[in-house]
């Protein structure tokens, strides 16, 4: 198994030195879901929630979060993102909203944490905007779907 890179030989946490790594095109895609009551789902779907356009605000929140990841995750490098795309898939049968965030850069370190942070904040924003009518919403299935670029190459989640 590969050693954890955020610890030195004495076991102390440190930010990994990426200075000698080649700048390459990096891409990451992450996803997650929030499940709610059917009536809450209808408010989200129809854009009629009391606080406004839930999906639109969640999209902006995801983009903002990707850009602030290094401020939230202690050992993440600040990254100049070149692209952030946020998609939502609404599944009426299960009253579930899925969020997919794709992040891109040309740099020396990956953008997986940015994609994952964007997903989490988008889903938390949906929760915040709908909690007045449904405190039982469940956020889950947050995961990295794929990453491309860098020394470790490409990776895709199974299934």
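Glycine is treated like the rest: Cβ placed from N, Cα and C.
The active site feature in Swiss-Prot is assigned to 128; the stated evidence is sequence analysis. Summarising the annotation, Swiss-Prot assigns substrate binding site to 75, 76, 77, 113, 114.
Everything Swiss-Prot records as a feature, shown here on the structure.
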residue	record	contacts (Cβ under 8 Å, 6+ apart)
76	substrate binding site	69, 70, 113
77	substrate binding site	15, 16, 18, 70, 108, 109
114	substrate binding site	28, 66, 67, 69, 79, 81, 84, 103
128	active site	none
Original post:
Between the binding-site residues 75, 113, where is the Cβ count within 10 Å the lowest?
Top reply: 75
Subject >> Shell list (substrate; ref centroid = CB of 75, 76, 77, 113, 114; cutoff 8 A) >> reply: 69, 70, 73, 78, 79, 109
**OP:** Using DSSP with the three-state reduction, classify residue 114 (substrate binding site) as helix, strand or coil.
**Re:** helix
Subject >> Largest CA-to-CA spread of substrate binders 75, 76, 77, 113, 114, angstrom >> reply: 13
